[in-house]
Amino acid sequence: MKKKEIFGVILVFTALRILLASMMGLMPQDAYYFYYSDHIALSYFDHPPMIAYMLRFFSIILGHSALSLHLADFLITSLTLYVFYLFLKEILEGETLRKAFILIATTPLMTVLCINSTPDVPLLLFWAISLLLMYRAVMHHRIIDWILAGIVVGLTFDSKYTGLFLPAGMVLFLLLSPTHRRKLISWQFLLFVVFCCLAVSPVAIWNINNHFISFKYQSTQRASSIDSFHFQPILFLGSFGSQLFLVLPVFYLVIFKAGYYLLKKYFTRSPIDDKQLFAASFSLPVIFFFTAVSLFYWVKINWMMPAFLSAAIIAVVYFKTWKSIRWQIWISLFIHLLAIIEIGYMVVPINSDDTWWGWKQLAGKVKTLQHSHPNYFVFSDDSYKTAAELNFYLPTHVYAGNLIAQDAYQFALNDTALNALSSHNGLYITSSFNQHNKSLKGNVEPYLLKYFKKVQPLDSILLKDHNGNIRRRFAVYACQGYMPPAKDHQIPVK
């Protein structure tokens, strides 16, 4: 492809991402991490704080709206692509550089980051900066690069705990590289470690002050949920398929081909170029690890995301011509077209609360209910989703499931003074998709009566599309005389 063609492709995908960002409604994750930003802290129950700082910064500049959140996502992701290009320039050149960049720049992966506010947005930015600085530190021997690399690797961890793979990748590269192995016991590497530790110290301090609750949740609790390591091929197929969608089939499959030949070279003691070794050290361990985990546990679509940046370097050598990459581009354009149709018209119904549709409409109806029930607080109990969405759209605070001893994530750590609500009245809003209520098999009122003296069902809230079809349903209960749970200490997730 000529440079003009490449520029045109990038322009088209940029326009598509701006369009999708402007169309996209507010996902529960968007609202939840915005709730983080309304309660600035050193860290949070289920994630480090960088997403909160990012959203607070952009909301001050762009205002309080779903569009401002997605514009923030788009701008940060665009910066990630720029830094990634700078990293590629350190390792590749000419047509190979352009191929590697296009492999990443045209993936649905980058589009997902542009339309959904999650910790992955700052994670990939700091991951890309870390790759650039670590490579410069190792290859150019500048002290400032070692220091900056340590700081930014720490900030990557402050974005998401997946950032742990970066220092591990650095150690792996130095161990495997005969040329650079001696740097492992150098004072430059010590500086890298020290500044990395300084950068992650706020998250560590928060965890120390909160009984390591976040570290435990993301490590031991997740590990214990793996069902005795029973082989579950359906989970593997689901995870594998989601990655094929995220980075497109040819690229994803070629990564495994590249990984196989690199491992073959290593075990046959054939020389491996340091540039390829560097890229492999920050991609293959992540991809192979989560692929193995997917045989026993559901690996979410975003867990491997950062590994694909450096994976492009080891995969691009197998793209001898532009033919396969052109196919990738056309497949990606088709996926983007489907995304525009789905987001605009929701052709395929989403039988879950993990949707962008209807939340603002729900908030309007809840606001009307509040007018007819003055001095009633509002709460929900589907972990964080409904509570986070209503908190985003309503001027009054909305509580989560810890009021009735259910999962509440960060809400459980923030809303601890439940005795202050004692004897007050509340409006309970619950989705028809609420798993807890499904488990009660219609016995919602008896459960609520454990925490309220009187419970009265009200008319359900029905959310309809422009054709008048009911898309979502929320049950509503007027609850009087709140009786807080006996335990003072609320557990975010049971």
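In case you wondered, yes, glycine gets a Cβ from its N, Cα and C as well.
Across the domain 'Glycosyltransferase RgtA/B/C/D-like' (46-206), the model assigns an average pLDDT of 98. Positions annotated as domain 'Glycosyltransferase RgtA/B/C/D-like' by TrEMBL: 46-206.
Annotated transmembrane segment per TrEMBL: 7-27 (among others), in sequence order. Same-chain neighbours of the transmembrane segment (7-27): 1, 66-67, 69-71, 73-74, 77-78, 102, 105-106, 110-111, 114-117, 329, 332-333, 336, 339-340, 343-344, 354-357, 359-360, 389, 392, counting only residues six or more beyond its ends whose CB sits under 8 Å from a CB of the stretch.
Sequence-remote contacts of a segment are chain residues at least 6 beyond its ends whose Cβ falls under 8 Å from one of its Cβ atoms, and for the transmembrane segment (67-88) they are 14, 17-18, 21-22, 24, 26, 30, 34, 54-55, 57-59, 97, 100-101, 104-105, 110, 113-117, 121-122, 124-125, 128-129, 131-132, 135, 309, 312-313. According to TrEMBL, the feature transmembrane segment maps to 67-88 (among others).
Under the heading transmembrane segment, TrEMBL lists 159-177 (among others).
Residues 41-43, 48-49, 137, 143, 146-147, 149-155, 157-158, 167, 170, 174, 183, 214-215 of the same chain, all 6+ positions outside the transmembrane segment (189-208), place their C-beta atoms under 8 angstroms from a C-beta of that stretch. The transmembrane segment annotation in TrEMBL covers 189-208 (among others).
TrEMBL lists 234-256 (among others) with the feature transmembrane segment.
TrEMBL lists 277-297 (among others) with the feature transmembrane segment.
Within its own chain, the transmembrane segment (303-322) has Cβ neighbours under 8 Å at 1, 84, 87-88, 91-92, 96, 99-101, 103-104, 107, 109, 113, 120, 123-124, 127-128, 131, 162, 165, 243, 246-247, 251, 254-255, 257-259, 262, 275-276, 278-280, 282-284, 286-287, 290, counting only residues six or more beyond its boundaries. Look at TrEMBL and you will find 303-322 (among others) tagged as transmembrane segment.
Here TrEMBL flags 329-348 (among others) as transmembrane segment. Counting only same-chain residues 6+ beyond the ends of the transmembrane segment (329-348), those with a CB under 8 A from a CB of the stretch are 9, 12-13, 16, 19-20, 23-25, 102, 106-108, 111, 245, 248-249, 355-357, 465, 471.
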